[in-house]
Every structure is written in structure tokens, then in C-alpha cells.
Amino acid sequence: MTGGTNGSITGSPIADLAPGASVTITGSLTLTQADIDRGFVNNQATATGTTDDGDDVSDVSDDDSNLEDDTTTTPLPQDNSIAIIKEGTFNDANADGFAQVGETIDYDFTVTNTGDTALNNITVSDPLLVAPNGSITGSPIADLAPGASVTITGSLTLTQADIDRGFVNNQATATGTTDDGDDVSDVSMTTATWRMIRRRRHFHRTTASRSSRKVRSTMPTQMALPR
């Protein structure tokens, strides 16, 4: 009995075997990523012995099912999972500290394969980052090994409605496919982009008396909206 390049068999060869006798030996296989991605290991062993006359006799293994000489399938538990983290940064193009129509928000999407199987064709989608005001660059990601991360980017051009609302609040979804064709996905936490709101100073003069002046002043303030 022999083993493959990632495995070994201990106890072979067996010196001799009397009629009706049995011997149990052991083997071990070191799993590869391909084995885990497949979700099972399917294999078969062959035993060969030689008679005193020099004739060889052999048999291929069976897995104790009703079928003869069928392969042994060992299922492997899989953890198929993915995670996405999204961060947004407001670009103040004219550096005045406030948002105007046409200014942009840049997004970073960090996608991580948090499982133990390879993922393929990973797409990142965001309902706001679509034409004509938004886009995502770098999706789909061709493949992602277990534990690996990739960061892609997106951009949103602000509209008057965004500015009137005072924030942009959105989520992204990452979806990948295993070698078995199963889809796994994750939704980012809600991302709210901060914006400063300014109240201008106003002066109001009464006409009742020149020596009497009423002044109402509202100082500049800024509000940070929670993520």
C-alpha cells in the first residue's frame, strides 16, 4: 500500500498474512487548500500481496457500503464567510469647511475573506454609488484566499438633496462565490459622513431710538453627525 505526495502510510509492507488473518495499518493525509475548497477528500487504496508461487493478488478498497470497491469519501466541514468595512471621507474642494453641490465623498471598501475556503468573483455594491452620481472602482475582485484582504474605492458626487439633508448615509454589500458555487455575503455597517453646518451672524437694529441698538448674534458652530 502506498501514499500520495501529501500523505503517508505506516505499517506497509506487511511481512506475511495467514489465511483468514487481518492486520490494520494506518495512514495520514495533510490537507491542502484545494481539499478544503472542494469540501471533501475522495480516495481509494490498493492492497497487493504475493503468494509463495510468486503470483500477485490485489484488491482495491471499499468503504463498507453496499457497493463493491467504491471510493472512500471524507467530508470536510467548511466555514464560508466574508466581511466588508466601509469608510467615507468628504472632500472639501474649495477648503471653506462646508459642502457644495459637485464636491465629492471618497469611499474605501476593505473586503476580507474571513472563512477557510477560497472565494471568487467578489462583487461590492452600494445603492448610492451608481451612475450618474456615484461609482465603484475595483469590483469585481477576481479571487480572495482565506485570510486575505483587498481594498477598493468608490466616489459619490454630492447633490443639493445631500447637502439639505446634512449627511450621506449608506451601506455596501460584498458577495463572493465558493468553488462549490455557493454565495456568501456581508453588509457593511451604516456609514454616515460628517459635515459642518454654519450659522451666520446676523445684526438687527431697532428704529425706536438711535441710542438703543438690539443685537442678536449667532456664533459659528459645527455639528458632527454620528457614524
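All positions are counted from 1 along the displayed chain.
The backbone N, Cα and C atoms fix where each Cβ goes, and this holds for glycine too.
Over in TrEMBL, the protein carries these features:
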DOMAIN    14-59  domain 'DUF7507'
REGION    44-79  region 'Disordered'
COMPBIAS  52-71  compositional bias 'Acidic residues'
DOMAIN    81-186  domain 'DUF7507'
COMPBIAS  205-216  compositional bias 'Basic residues'
REGION    205-227  region 'Disordered'
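Mean pLDDT across the domain 'DUF7507' (81-186) comes to 95 in this model.
When DSSP labels each residue, the domain 'DUF7507' (14-59) comes out as 6 helix, 17 strand, 23 coil, counted as helix, strand and coil in that order. Per-class residue totals from DSSP over the domain 'DUF7507' (81-186), listed helix then strand then coil: 6 helix, 56 strand, 44 coil.
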